[in-house]
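Novice: Take a look at what Swiss-Prot says about it:
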- 1-22: signal peptide (SIGNAL)
- CYS29-CYS49: disulfide bond (DISULFID)
- CYS35-CYS54: disulfide bond (DISULFID)
- CYS40-CYS56: disulfide bond (DISULFID)
Amino acid sequence: MEKSALIFIGILLFSTCTSIMARTGYVSCKTNSDCVKLKCPTPFGGPKCISGSCECPFKELMTLPNDTNYGVAACIDYCKAKGEIVYACILNHCYSYKPPM
């Protein structure tokens, strides 16, 4: 019984290892294609290569269209128009999340 429990726990830990490593940034990368083998437990898509490490997105990232004003006010308005709560506007990228129900 103890052996089977240890084997089960070992398999469980091994199967979640890649997603844990992706969330904590232990997997190094140069492009987004280096992170394809990792699976993210988030609804915001697959892992992305950010600053040389694979990370799972936990907030939705929206890029403003090219024809918009690049000010913070335009960024906030664009994200609010999508029905999201604005978290931050940095370098023409809008970080937002869905409001709680």
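Cβ coordinates come from backbone N, Cα and C, glycine included.
Here the structure is a predicted model, which means the values were calculated and not measured.
What's the neighbourhood like for these features in this structure?
Specialist: Taking all protein chains in view, 17 other C-beta atoms sit within 10 angstroms of the C-beta of CYS49 (disulfide bond).
Taken residue by residue with DSSP, CYS54 (disulfide bond) is part of a strand.
All protein chains included, CYS56 (disulfide bond) registers 21 other Cβ atoms within 10 Å of its own Cβ.
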Novice: Using DSSP and three states only, what is CYS49 (disulfide bond)?
Specialist: strand
